[in-house]
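Asker: I'd like to ask you about the structure that follows.
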Amino acid sequence: MSAPARLAARQRLWVAETFADTVQGEGPSIGAPAAFIRLSRCNLTCTWCDTPYTWDRSRFDLAAESRRASAEELASWALGRPEELVVISGGEPLLQQRALVPLARMLIEAGRRVEIETNATYPPAAELAASGACFNVSPKLAGSRVPSALRIRPSVLEAFAALPTPRRVFKFVVTGLAELDEVDRLVARHRLRPVWVMPEGTTPEKITHGLRELAEGAATRGYRLGARLHVLLWGDERGR
Ligand SMILES: Nc1nc2[nH]cc(C(=O)O)c2c(=O)[nH]1
Ligand code: SF4
Ligand SMILES: [Mg+2]
């Protein structure tokens, strides 16, 4: 490793948890065995968020819910695992994207695939986009109850849309059939393709019900239906 690379590898990130022995539950790699690095902190406050321990100071002690770890330490944990896919989620991982660059690079150089889950409010830095990581870009809808100006950033959507197709997909958590019209408007306005929609929910029953509700509307629009497979398998279990 060169001296600048060694320095970069020492950059530290706020981490909520690392876990493996699971599958990527969302998006194009659904079903793939995956190791997860969940970063702490988020800039949004979605009502239905299933990881409030990464951001909600009113309910959680974030100092107790997170630790600082270097990019090198996190890469070494993931490279000690057999899973080929490493998913970096949060929280909002792009809040810490400077330190994500060396992490993504180390993983990809070692032959891993990296997917970054993002809420589409921060544009990807050129170095991160060039690292070979793929982005599962998930803009939030009105059902999140986050004010529109905070959750929809047109220039960010356009920056992701400008990346080569295999590097990013757009993914929407939908709380009901009516929200597909809102997805349509965003998709048309910012030319977002390919699109995955998946039902909101933290129980297998709710996901199954949501899938049935969305199936026809998604197919008509040419959207892919995503299950949130980990919820079908393990419900709301943490670390899955
Ligand atoms: N298995 C599993 N797959 C996931 N894909 C995206 C997740 C996320 O929390 O962003 C997630 C998660 O929490 N678990
Ligand atoms: S953007 Fe994601 S992590 Fe942040 S509050 Fe919304 S659902 Fe939770
Ligand atoms: Mg999750």
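Note: Cβ is positioned from N, Cα and C throughout, glycine not excepted.
Per TrEMBL, the features are:
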- Val23, Gln24, Gly25, Arg38, Ser89: substrate binding site (BINDING)
- 29-236: domain 'Radical SAM core' (DOMAIN)
- Cys42, Cys46, Cys49: [4Fe-4S] cluster binding site (BINDING)
- Trp48, Cys49, Asp50, Gly91, Ser138, Pro139, Lys140: S-adenosyl-L-methionine binding site (BINDING)
- Thr51: Mg(2+) binding site (BINDING)
Asker: Over the residue list Trp48, Cys49, Asp50, Gly91, Ser138, Pro139, Lys140, recorded for S-adenosyl-L-methionine, what is the maximum interresidue Cα distance in Å?
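Answerer: Result: 16 Å between the two most distant Cα atoms.
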Asker: At the level of the C-alpha atoms, what whole-angstrom distance separates Gly91 (S-adenosyl-L-methionine binding site) and Gly25 (substrate binding site)?
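Answerer: On Cα coordinates alone, these residues lie 16 Å apart.
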Asker: Which residues, same chain and not among Val23, Gln24, Gly25, Arg38, Ser89, have a CB within 8 angstroms of the centroid of the CB atoms at the recorded substrate site?
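Answerer: Nearby residues not in the site list: Thr22, Glu26, Ala34, Phe36, Val87, Glu117, His230.
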Asker: Which of the three DSSP-derived classes (helix, strand, coil) applies to Ser89 (substrate binding site)?
Answerer: strand
Asker: Just to be sure I understand the packing, how many Cβ atoms besides its own are within 10 Å of the Cβ of Lys140 (S-adenosyl-L-methionine binding site)?
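Answerer: So the Cβ neighbour count for Lys140 (S-adenosyl-L-methionine binding site) comes to 22.
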Asker: Looking at the binding-site residues listed here (Cys49, Asp50, Pro139, Lys140), whose Cα lies nearest to that of Gly25 (substrate binding site)?
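Answerer: Minimum Cα distance from Gly25 (substrate binding site) across Cys49, Asp50, Pro139, Lys140 lands on Asp50.
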Asker: Distance check, please: Cα of Ser89 (substrate binding site) against Cα of Thr51 (Mg(2+) binding site), rounded to an integer number of angstrom.
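Answerer: Checking the Cα atoms of Ser89 (substrate binding site) and Thr51 (Mg(2+) binding site) gives a distance of 10 Å.
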Asker: List, in sequence order, the same-chain residues at least six positions removed whose CB sits under 8 Å from that of Cys49 ([4Fe-4S] cluster binding site)?
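Answerer: Counting only residues 6 or more apart in sequence, the Cβ neighbours of Cys49 ([4Fe-4S] cluster binding site) under 8 Å are Cys42, Trp55, Asp56.
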